[in-house]
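Comments concern the structure below.
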């Protein structure tokens, strides 16, 4: 049977297309005419330097003042936000303020306009504080934004703070006054509704015409203030004997003692 040659049934075998690969080895002589090995070799530079340069360009473009011209995060209804402390007064400071808002937005993410402006106020208060050193300013801003700030970006924020020239001390004082009002509230004075000489309605005064020689009854006529009523009631309840059963009074002969009060004979009890 090993030498037996049989013809295959071609109706069962799938037919292949003319251009379909058959797996046979083909010569590449006709395809490589006019070319040599190494002709298509190319020389390229490492991409690491390019990525670093591109990153610096992207960082510079994000905080380009010219890029923010005509755009604003405050919007036309910025005056409606009553809790905004600082408001730019010139076109130059407005553009710088927009760049500062963009920096804060990148640090804390997409937030509401009032949150971004409030964070900008806190950052400006730290930057305009002459008593702080740069190291302390950096720590304060990192604590406010809850993120680490590289030295390059911190220097950029310091420069933005220097460009905002219309910041005044009144802005900071207004912020402090607002915090005091929220903490302690506003004092409200009420007018007296009656004459102080009339006395307190809740007081029981001593009868001047009474006889003081009655002994103990005269002592009970002293004035009892309203604040002492609760104390007097508590003392009354304390001295009054309680009918409640106390657990520590129950022992092995407790039942027999109570039955002996009903049955006079000890044998019956």
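We number each residue from 1, going along the chain as drawn.
Positions of Cβ are set from backbone N, Cα and C atoms, glycine also.
Over in TrEMBL, the protein carries these features:
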COMPBIAS  36-62  compositional bias 'Basic and acidic residues'
COMPBIAS  189-215  compositional bias 'Acidic residues'
DOMAIN    93-160  domain 'Pre-mRNA-splicing helicase BRR2-like plug'
DOMAIN    243-267  domain 'Brr2 N-terminal helicase PWI'
REGION    31-62  region 'Disordered'
REGION    171-221  region 'Disordered'
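Over the domain 'Pre-mRNA-splicing helicase BRR2-like plug' (93-160) the predicted model carries a mean pLDDT of 88. Residue counts for the domain 'Pre-mRNA-splicing helicase BRR2-like plug' (93-160) under DSSP (helix as H, G, I; strand as E, B; rest coil) come to 53 helix, 0 strand, 15 coil.
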